[in-house]
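S.K.: In case it helps, TrEMBL gives these features for our protein:
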- B:28-46: transmembrane segment (TRANSMEM)
- B:67-91: transmembrane segment (TRANSMEM)
- B:111-129: transmembrane segment (TRANSMEM)
- B:136-153: transmembrane segment (TRANSMEM)
- B:176-197: transmembrane segment (TRANSMEM)
- B:226-247: transmembrane segment (TRANSMEM)
- B:267-297: transmembrane segment (TRANSMEM)
Amino acid sequence: MLRMTGIGKSFLGVRVLDGVDLEASAGEVHAVVGENGAGKSTLMKILAGVHTPDEGTIEIDGRSVAFGHPIEAQRAGVAIIYQELTLLPERTVAENVFLGREPVRRGLVDRAAMESATGELLSSLGEESFGPRDLVRRLSVAQQQVVEIAKALSLNARIVVMDEPTAALADHEVELLYTLVRRLTGRGIAVLYISHRLPEIFELADRITVLKDGARVTTAEASSLDTATLVRLMVGRELDSYYPPRAAEPPGEVMLSVRGGGNARLHGIDLDLRAGEIVGVAGLQGSGRTELAKALFGAEPFTSGEMTPCRPRSVREGIAAGIGLVTEDRKAEGLLLNQHVRDNALLVARAAGTRRPGIERLLERVRLTPPRPTQEVRLLSGGNQQKVVLAKWMTVAPRVLLFDEPTRGVDVGAKAVIHELMRELARDGTAILMISSELPELIGMSDRILVLRDGRIAGELPAGATEEAVMHLAAAS
Amino acid sequence: MTQQLKLRRGGAEGSFLRRLSADRPARAVYVALALLIVLGWLLFALDGGRFLSQENIVGIQQRSAALGIVAVGQTLVILAGSLDLSVAYLISLTSLVAAEIMAGADGGVPAAVAAVLAVSATVGLVNGLIVTRLRVHAFIATLGVALIIRGALDERYDGPAGSVPESFQHLGYDRIGPIPVSALLWAAVAASAWLLLSRTRLGYRIYAVGGDAEVARLSGVRTERVVIAAHVLCSVCAGIAGLLLASRLGAGAPTVGTDGGYDLESIAAVVLGGTALAGGRGGVAGTVGGVLLLAVLDSIFNQLEVNSFAKDVVRGVVLVAALAIYARRRRTT
């Protein structure tokens with residue numbers, strides 16, 4: 001159905017794609033994987049008409065096409081669902097689905113037709129939790145994805161590109177997405193699926209194409225590959241183990257302790273964080289994971305309970321008490337995207353008024369590539385951006401460092417670096433709390449795991465607990 | 001106010017109520033308006049007057065009409081994510097164009113109206129092109145156009161000029177029952193804008209472009225055209241206001257727009273009505289409420305003979321308080 005041949009593209013003289021071939025047939029899920037910077041996004045944007053290729057051809061159903069504008073790609077049946085959703089929060093579901101193509105009757109927009117058509121699309125996707133008249137801003141991220149997919153279907157899309165669709169979803173929502181993807185392929189739609197999460201890829205994909213440094217490494221049947229092989233193909237080397245070894249010594253003194261901590265979203269939180277250990281936090285979306293980190297940090301403080309060394313009432317108090325937070329959304333909450341690496345890395349140190357550490361040494365320590373302090377942060381890959389966030393906190397040497405989804409949207413290579421850095425920090429005596437919705441990461445990294453449910457700690461599991469045990473605690477009613 | 005609500009209800013098969021109730025800031029401004037009317041009634045009663053006298057209501061409607069028409073246009077550009085600071089000078093310009101072409105003769109009216117619409121549409125087109133093609137921020141683009149118009153006015157005029165025939169002055173002064181013709185004109189402009197926003201493709205796209213221009217672009221909306229169209233419509237509204245003011249004055253005047261403060265005041269009315277200054281959220285219903293709120297406030301001040309400095313202080317406080325309340329409500333929903 002789709003055949004892209006010899007696609008090449010350069011930006012400002014930098015070759016980002018070099019002779020890449022990709023094909024997809026009707027009803028197939030074709031995963032495209034590779035580290036950040038491998039060229040996946042550029043390839044998909046070429047398919048969607050956002051960029052024009054310097055060389056190479058695109059054929060759809062045997063006919064050669066060239067897209068100068070996203071609309072032309074849409075008309076040819078290509079829909080792309082971006083990582084950052086492209087919906088208008090202040091408009092209704094129906095208005096979003098038909099944006100730019102509103103049905104008109106006697107010169108006026110035919111709301112009734114628009115809403116009933118949207119309703120039909122939603123029910124064909126098995127979606128009953130919201131309707132065509134709901135405002136998009138009141139929907140969850142997962143529901144918004146359904147809206148995006150409905151929009152793609154209303155365009156009669158035959159090739160649907162999904163760019164990191166699960167990045168912002170909780171585990172139970174991921175299952176719903178799988179169902180949706182299978183509904184799409186059941187209709188004979190070809191799905192191009194881009195993800196960093198290898199388990200998803202093996203769950204869904206029929207074929208896998210691996211990109212590295214702008215070139216295609218291979219295309220293979222998913223059943224002929226395993227995780228280790230795939231990782232080796234992506235990074236070009238065997239990662240002997242995914243996760244760095246746990247600490248050899250038992251954890252040290254208690255760096256932070258909470259008894260009966262509570263606020264509007266959290267109840268009766270008891271926990272101790274010790275020097276040298278990494279404590280994992282699991283829980284479904286809405287269980288209070290992020291709220292816990294923000295309460296410990298002072299961003300959304302506890303209103304009751306005891307906390308030592310102190311119960312921070314504000315972020316400044318939290319930082320003064322030696323607590324740092326690597327936020328879930330690094331673009332919105334972690335970084336000043338238009339500023340240089342140096343200004344970002346020194347943000348906390350400057351605000352706290354501590355002595356400035358040597359920036360070059362710091363950037364080398366977090367393995368920023370290249371370690372240039374004068375680069376604008378928005379130009380860095382997700383992995384490098386996260387390293388800058390880490391550097392920002394390392395300038396003040398916090399006693400306790402809280403990580404909320406430390407490797408979301410980060411490629412495999414950078415992920416390993418961040419995991420190693422977390423272990424190093426722990427070894428140097430920092431107490432670490434890590435929230436992750438990626439269970440393998442949680443289990444691989446944590447010395448013990450706290451499971452949250454409805455704002456309470458539902459239980460604690462030792463290192464090496466199974467995914468089933470975690471899920472059981474997180475989801476039990 | 002009531003006659004406008006009726007017009008809209010009739011035209012939209014009940015969807016007006018649904019949309020208005022979904023539009024919480026618009027509802028809030030009408031609640032505030034109702035409270036202010038009660039307050040005004042009490043103050044007038046204590047002062048020995050009658051607030052809801054016909055004279056007073058007519059006064060409020062007449063004061064509102066010109067600002068109301070400009071503010072409706074301003075709503076369109078603000079919803080599209082832009083802004084127009086040139087409306088005040090454009091009003092002066094169009095009042096002069098109208099009065100000079102009419103030159104006191106009945107026969108000149110059609111040509112004058114056509115010329116005003118053409119001049120204002122052209123200014124809107126220029127604003128729109130500067131904002132979209134030259135990518136100058138609307139604040140600066142329309143400020144620049146405002147200065148250009150001012151320069152032209154200062155060069156040619158140092159006082160009122162031209163004259164309007166008596167037949168055209170009916171627009172400014174006549175009434176049908178208790179309703180001034182100017183209020184009907186405002187109602188018609190507001191109703192058309194409401195229909196445009198809620199029932200036409202252009203209206204939908206104005207919301208889309210103001211909400212997120214990139215999202216709109218990726219959905220196939222030609223965003224530049226939408227912004228240009230909004231600017232043209234806004235300027236045409238200012239031209240209509242210019243005609244109305246010329247009819248009131250009996251002549252054109254180079255300061256009629258700026259004396260009325262129509263630039264900033266129209267923006268104030270729009271945001272008071274709950275439309276987001278960043279675009280993409282709000283509507284005409286709120287703006288109408290915002291204009292009426294300002295007019296009722298004015299009429300209370302007049303009755304109480306408050307001095308103009310205190311007036312401005314209170315208006316400033318009302319505006320800031322209203323926006324603080326909207327910001328708070330949005331955070332909690």
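Note: Cβ is positioned from N, Cα and C throughout, glycine not excepted.
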S.K.: Cβ pairs under 8 Å with the transmembrane segment (B:226-247): which stretch of B:111-129, B:136-153, B:176-197 has the most?
M.R.: B:111-129
S.K.: Do the transmembrane segment (B:28-46) and the transmembrane segment (B:267-297) share at least 3 Cβ pairs under 8 Å, sequence separation 6 or more?
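M.R.: The transmembrane segment (B:267-297) and the transmembrane segment (B:28-46): touching, yes.
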S.K.: Would the transmembrane segment (B:176-197) and the transmembrane segment (B:111-129) count as touching if the test is at least 3 Cβ pairs under 8 Å, pairs 6 or more apart?
M.R.: no
S.K.: Okay, the transmembrane segment (B:267-297) and the transmembrane segment (B:136-153): do they have at least three CB pairs under 8 Å, pairs separated by 6 or more?
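M.R.: Contact absent: fewer than 3 Cβ pairs fall under 8 Å.
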